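Report on one structure; see the data block that follows.
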Amino acid sequence: MTDNALPLRDFDEESEETDSETELLIRHTHSDAAIANSNNNSNNNNHNNSHGQRRRKSSTGYGGIGAIGSPTSGSASFLGNLFSLGSAAGQIRYRNERSRERAKYSNSNSSSGTATRHITSETTSVQTKLAQLTQTDASSGGVDGSAPHPTEIGAPNGIGPHTEIDPENGSSTVFYQNNRRRSKGRSIGNVCKMCLCSCWKKWFRPRELRARSVNLGRSNTEKFPPNEIRNQKYNFITFLPLVLFEQFRFFLNLYFLLMALSQFIPDIRIGYPYTYWGPLGFVLMVTICREAVDDLRRHQRDHEVNSQKYKRLSATHGSGYEMVPSSKLKVGDVIIVEKNERVPADLILLRTSDRSGSVFVRTDQLDGETDWKPRLAVPYTQKLNRDADLHNIDASFYVEKPQNDIHSFIATFSISDGSEDTGLSVENTLWANTVVAAGTATGIVIYTGCETRSVMNNSQPRSKVGLLDTEINGLTKVLFCAVLGLSLVMMMLKGFGGPWYRYMFRFVLLFSYIIPISLRVNLDMGKAFYSWQMQNDDNIKGTVVRSTTIPEELGRISYVLTDKTGTLTQNEMVFKKIHLGIVSHDLDTFHHIGQIIQKLSGNLMQQQGSLSSSSSAGESIKPMFAGNRMRRPEGWREWEAVRALALCHNVTPVSDDEDNRSVSTASTVTGGNNSPTKSVINIEAPGSTDTEHQYQAASPDEIALVKWTEQVGLTLIARDLNTMTLQVKTATEDNDILMQYQILQLFPFTSETKRMGIIVRESKTGQITFYLKGADVVMSSIVQYNDWLSEESDNMAREGLRTLVVAKKMLTEEQYNDFEMRYNAARLSITDRVAKVAAVVESLEREMELLCLTGVEDRLQENVRPTLELLRNAGVRVWMLTGDKLETACCIAKSSQLIGRNQGLHVLRSVKTRMEAHQELNQFRRKQGHALVISGESLEVCLQYYRLEFLELATASPAVVCCRCSPTQKAQVVALIQKHTRKRTCAVGDGGNDVSMIQQADAGVGIEGREGRQASLAGDFSIPQFSHIAKLLLIHGRRSYKRSAALSQFVIHRGLIITTLQAVFSAVFYLSSVALYQGFLMVGYSTLYTMFPVFSLVLDQDITSETAVTYPELYKDLSKGRSLSYKTFFIWVLISIYQGGVIMYGALILFVDEFIHIVAISFSALIMTELIMVALTVRTWHRLMVLAELFSLALYLISLAVLHEYFDWEFIWSYDFLWKVSLITLVSCLPLYIIKFLRKKCSPPSYLKLS
């Protein structure tokens, strides 16, 4: 019999559940002779047994694996037979595994024949073996040898195992009754576990990101996340659990919850339960209402953004589209995005209003870069006649799984007609939160909601806890230890006899007021008041506090991390200065250049008049100023510089008058694999030629240059794939001159070359000119020798201007033809194409004629410079994190005076290895006091190898500029500063790419920019402009922290003093665990009688707003946390112990006969002491403070007259009560006032010296 004869059921195929039910089908495949000799000398059986033992599941729980042998004695038990069956099972399992392996290579027909031949012997073998088992156990009653068919072998009581033999094939089945019962319970447990696991996977497990197919023209059945912007912290289900969890994370609230629960136990109940549950419930209600209001506001703001309407193509509507809110967009929807509209989801671009299929988008809200990015439509869909035809094609997109990389994308466009698939890249996409700069774009939604690139680069909103709350939480733990210590001392004095643990817990309850539950109420109400003050400050109008839990964090800031574009700058480029070598022009003298251009226009007209006659006569045409350089007329420098700026760029003129223009477009693909594709538009204006033009380009710098040339009289009016048209203003507008240029080659700007060039041929003269512009560091070696470029570029850089050097080179026809031949050959090269193309271009960049040096300013936000200087003087270190280029970041750092006048600037060059990072960090270490500039790539390398060393150097630097930072990197930088320095951070930004940074920082500030409100909605605070951050920190942050510190310490003092009274009282009266003040007196003490004066401390201020701004150095002390520290805490503890002891012992000494007189004297002195202590703490009186003091005093006097249960009416009106209370109050407060007066005179704080 072969091993693969029978495809038998194997133990290894059974799960734990089926094993537990113990329905084991055992079909033995050995012959009787083999079984009989297995215990003696069968090596094969031993080999099989060992393999079966190794392969057996441990979860089956059956016996050891051994050979089934004949019975050795009459006393063999049924358990031995069971082990024998287990051994057979092991052998069968091993043979089955071998059978499955061999079955792959054996013939199916022969296998079936073999199985048929061996079934009979299999049946006989098993029947013989079971008969032996029956005879063996017959004497013990375990097996009935005369069982009918099918043969049953089992215990007589029905509890033990029994075996059934099938008479047809001889198979046997062993059943175990006990295991079957256990299996039922185990099955129910497994069902419950499966249900819980499925619910967890459905609701809580992160969604699996995977690639997808998106159909065009057909519906998509797969479900994807909704396209919603969500900045909420909670939903309807999680609101109450999460809020309660956040509250009971604080030891203070958890402690009082336990104390309140203990009042349901009669043996340890003290007083009335409402004295514990009332304050706790009030605290929780205030917190729940505040969180609900804050989250409701976030929901309303999100709803406003999600409700923005977009056009969605629809075949059923007569207009061809329907207006739907962005939250209703789904994967597969085809939408239309108009000019200046925010892209609501990640799209693949299908069609554009530009016939070339290109469109420009602004991505500064995604990556922080100010340059406009060209995007290309899918070629097949762009060729369709109209958008409605998209419904008539059967095509699909296979796109990669969602990821957070905004610079890469892989997808495939497939058509069902069998044509070749089209590969798509990031140039074919429109990411969410980008803005269409010009024209109209039609795209298909591929990612929505949380799967979009912008959201995946953002972190989840977290519940922020202020540093003050953390410090107070630590103090409450100290107070709890004091409660336990005081209770233990009382028990040691009392003795541990009887139910001492009950007395111990009663003492803990009596002293529990040392941890005041009203502390949370006062702090939360104070924070709400601080937030209201910020929003109603006329000096920072437009400020919105979106999170009322952390206003005091603004008073502890050590690092401010800010974005550049839209935060420090307005992203508006202004042409400021041009230097021509011998003369410099700025805003005041630009009109002189315009006058020169108008004068030279006459020469141009004369030249154009002679062109036709010269060309007909066959004479050569000389361009303007083509003679000897020494004989050039006045104004040639200005003319050449202006013409170079008007020609050397990638700018496209666009007219807003849609009715009076026709658009013809083409795409210009420049040399090199990495060169971007630019869209150029040719405007044909049939009407007047003085139509006001707008410009679009990949860089706002180029737009500023072209606008300036238009201002001085040379206007770019048209551009297409091969030509460019300039218009020269003349004295009479009717005679304006048009100059045509043919574009021969275009070399785009790259971060490696740091320059761009263009070769043009003037249409009428045929003159070929190569224009080049770039950064001074690379152009200085390209232009001819001069003695002014380096000095003037440094001067402009110190003024914060972005400089460009412009040069030209005249080419003959032969020179250009030779260059073109070499250039085309390099572009066709298979290997090292980029390097060969660059080498050919560099062959032209030699000994070029220097024309001018330009200076462009990125206009800063209002009052940015004084704001940064205030922060620097306040001891706050400012870091600029931007996604823009390194050169731009350096210019803004200088122009905004982020870097001080006396500070150097160290640029950490690009590093890629550990050795390079080590060298650069050592070099920076030697430059103490220098600001640091580093790129995102170098930052990653430094953090990978030298995290601690880099952070030490960077945090010690006066300023840091991180350029080319992704949104995720910005958040990582904030987290690293928090972890390394343990200081508080504030992040300021205005774009969607700043949301992660804002949410990670201890205090996130969003600016409502022109490009959207996403950062504003995600921030804890929202301001209209960056300059408000100074007053937000120096004034409101200072006041919030100072007031909260004073308020919290005074509330703790209020609990400490009454606990001291209780301790003295219990110690004097035989260590009894009886409350000194019962019922309403305890509740009224912390609410009606002292709440208003204590809470009025939120109106206190140590210095005026003018002083805080005039002397920002005062802010430095706040980061040290001296207003609330263990030192100040223990000072208040000593004050409380002194006052509590004076009041209690004074009342005991002065009372005469009744206990109620002690209560009246001590409680009245306590209330008066608290009111006087508030007055001693106040630094600047407010009329509401006076009103609160008088109101509380009046309430207490009324209570003396009304609460006869607690006060003796006759004693209250007696002279003894008055003088005793006055004496005790005077003794408790007068020494403290004397100490405060002496301290103010001998060692006044710094703010008092200024005032």
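Cβ from N, Cα, C; glycine included.
Listed in TrEMBL for this protein:
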type     : residues                                                                           : note
BINDING  : D563, T565, D990, D994                                                             : Mg(2+) binding site
BINDING  : D563, K564, T565, E702, F749, K773, R802, T882, G883, D884, R964, K970, N993, D994 : ATP binding site
COMPBIAS : 11-22                                                                              : compositional bias 'Acidic residues'
COMPBIAS : 37-51                                                                              : compositional bias 'Low complexity'
COMPBIAS : 94-104                                                                             : compositional bias 'Basic and acidic residues'
DOMAIN   : 220-277                                                                            : domain 'P-type ATPase N-terminal'
DOMAIN   : 317-452                                                                            : domain 'P-type ATPase A'
DOMAIN   : 1017-1244                                                                          : domain 'P-type ATPase C-terminal'
REGION   : 1-66                                                                               : region 'Disordered'
REGION   : 94-178                                                                             : region 'Disordered'
REGION   : 656-680                                                                            : region 'Disordered'
TRANSMEM : 478-497                                                                            : transmembrane segment
TRANSMEM : 503-523                                                                            : transmembrane segment
TRANSMEM : 1051-1071                                                                          : transmembrane segment
TRANSMEM : 1077-1099                                                                          : transmembrane segment
TRANSMEM : 1129-1152                                                                          : transmembrane segment
TRANSMEM : 1158-1178                                                                          : transmembrane segment
TRANSMEM : 1185-1205                                                                          : transmembrane segment
TRANSMEM : 1217-1235                                                                          : transmembrane segment
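Here the features listed in TrEMBL are painted onto the structure.
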residue: F749; record: ATP binding site; contacts (Cβ under 8 Å, 6+ apart): N650, S699, R755, M756, G774
residue: R802; record: ATP binding site; contacts (Cβ under 8 Å, 6+ apart): M573, D701, G855, V856, E857, D858, E887, T888, C891
residue: R964; record: ATP binding site; contacts (Cβ under 8 Å, 6+ apart): G883, D884, K885, L886, S935, G936, E937
Residues of the parent chain within Cβ reach of the transmembrane segment (503-523), under 8 Å, 6 or more residues beyond its termini:
250, 252-253, 255-256, 259, 262, 268, 270, 279-280, 282-283, 286-287, 469, 472, 476, 479-480, 482-484, 486-488, 490-491, 494, 1044, 1047-1048, 1051-1052, 1054-1056, 1058-1059, 1062-1063, 1066, 1073, 1075, 1082, 1086-1087, 1091, 1094-1095
Just name the most isolated of the binding-site residues T565, N993, going by other Cβ atoms within 10 Å of its Cβ.
T565
Can you count helix, strand and coil residues in the domain 'P-type ATPase A' (317-452) using DSSP?
19 helix, 51 strand, 66 coil
Hey, what's the Cβ neighbour count for D563 (Mg(2+) binding site) at 10 Å?
30
Quick one: average pLDDT across the domain 'P-type ATPase C-terminal' (1017-1244), no decimals.
90
Taking DSSP states H, G and I as helix and E and B as strand, how many residues of the domain 'P-type ATPase N-terminal' (220-277) are helix, strand and coil?
29 helix, 0 strand, 29 coil
How many angstrom lie between the most widely spaced Cα atoms of the ATP binders D563, K564, T565, E702, F749, K773, R802, T882, G883, D884, R964, K970, N993, D994?
33
Whole-number Å distance between the CA of D563 (Mg(2+) binding site) and the CA of N993 (ATP binding site)?
9
Integer Å distance between the CA atoms belonging to N993 (ATP binding site) and T565 (Mg(2+) binding site):
11
Number of Cβ atoms other than its own within 10 Å, given for D990 (Mg(2+) binding site):
35
Which of the listed binding-site residues (G883, D994) has the least company, meaning the fewest other Cβ atoms within 10 Å of its Cβ?
G883
